[in-house]
Amino acid sequence: MAFNLIDMVRERFTGNVMQQMGSAMGEDPSTLGKALPGAIAAVGGSVAERGSTEAGAQRLMSQLNEGGFTGPNAGKEDILSADTEEKGQGMLSGLFGDKLGSITSALGRSSGFSNSKSAGGMMALVAPVIMGVIGKHVRDNRMGAAGLGQLLGSQKSLLSSALPAGLGSILGIGGAAAAVGPRVVEEVHETRAIPTVETVRRQQPIERAPVHHAEPKKRNLSWVIPVALLALLAGWFLTRGRRSEPRREQAAVTEPARPQAQPQPQQRPTDTGVGGGGTAGTTPPVARDAQGMRQAIDSGARSFILAGVAFEEGSATLTPQSDASVGQLASVLREKPNSRVRITGHTDATGDATVNSQLAKRRAEAVRSALVDDGISANRVDVAAVGAAQPLAPNTTTEGRDMNRRIEVQVLSR
């Protein structure tokens, strides 16, 4: 049977569940039933949009694994538990950010809810169920990030068509995306025409080439061989007395080859960053995965080093390998919707101090931008730059400089 996200999520909201939801929210269960597909489409559509790119699918896969949505209990969530609703509220904050209020208001108006909070409450219960349904399908079919992206892509049109009026424009999906389609098709046709023209032009000289080469061979065959023999004889006489000279030239050439052992500066590893509000010589804890980040925040640590974050050398461009670490941090921040952090950039002492400070700030801003792209509200993430002012190790060794180039996450509130 084909995967249908709306139907599979709706099956989890049985009549008994809807009755209990209606009692808790003060809404008619039939009203909740009519609003359910729209709530699923709003949350599911946003999840599908986030997983539409390779990096987005990889981050979503990490979130499914870390949230337990691909584990043995995937698809068996207790929908009406307080834990499910709390987890769902964190997911909604991460998915929609500042748009959440507008989205719940639009869903409430289109559904006819009597309580203004009912739409948000329903979406908070729907979000973990959607992740559980997707995670179970991923687990059962042994999908990777690429398969997850294809699965979500197959659901986009279905989810878009189920959105209540007005929600598509707020979410930025649906009709707006469809309007782009015709232009894309036209561009594809234009680009395909170009190789066809090039192919024809290349075939013409290939057919002419043999015609030009054939005649000279027939005309010149009578004198080519004698001339070649004369050239060989002349070369033999010219080089006969110089057989010892090439050896002296080769001996002179061997010594300049030694400077090629100099390109050691290129062996410097790609800069990695971690930052925070630590002091020189004091090493904050290193968080290598989501669990480490949770422990650092819950333990009351002032800051922690965000491992796995790297930049292109001398720039503020995050490497593709950094997506996993930044995505895990975003996942943890979604779980803790009241938390705020400061991303601080550090560099080593190589080069100009002012340039290093500017680079550190740009790198911190790049991490914040990645978190915002991952659904974290910008007002929850501050940035700061320390440059080389707070080293963790001496800058006289490669290992020390590697430690000093880092991104730290300072916990402002939990």
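Every residue, even glycine, has its Cβ placed from backbone N, Cα and C.
The annotation compositional bias 'Low complexity' is assigned in TrEMBL to 256-269.
DSSP states for the domain 'OmpA-like' (298-414), grouped as helix (H, G, I), strand (E, B) and coil, give 48 helix, 29 strand, 40 coil. The domain 'OmpA-like' annotation in TrEMBL covers 298-414.
For 247-288, the entry in TrEMBL reads region 'Disordered'.
Below 8 angstroms of C-beta separation, residues 3, 5, 8-9, 12-13, 21, 24-25, 32, 35-36, 39-40, 42-44, 47, 61, 63-64, 67, 69-71, 74-77, 79-80, 84-85, 87-89, 91-92, 95, 100, 103-105, 107-108, 111, 113, 147-148, 151-152 of the same chain, each at least six residues beyond the ends of the transmembrane segment (119-138), sit close to that stretch. Annotation comment: TrEMBL describes 119-138 (among others) as transmembrane segment.
Sequence annotations record features per position, and here TrEMBL assigns transmembrane segment to 158-180 (among others).
The transmembrane segment feature in TrEMBL is assigned to 221-239 (among others).
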**Asked** Can you give the mean pLDDT for the domain 'OmpA-like' (298-414), rounded to a whole number?
**Response** 89
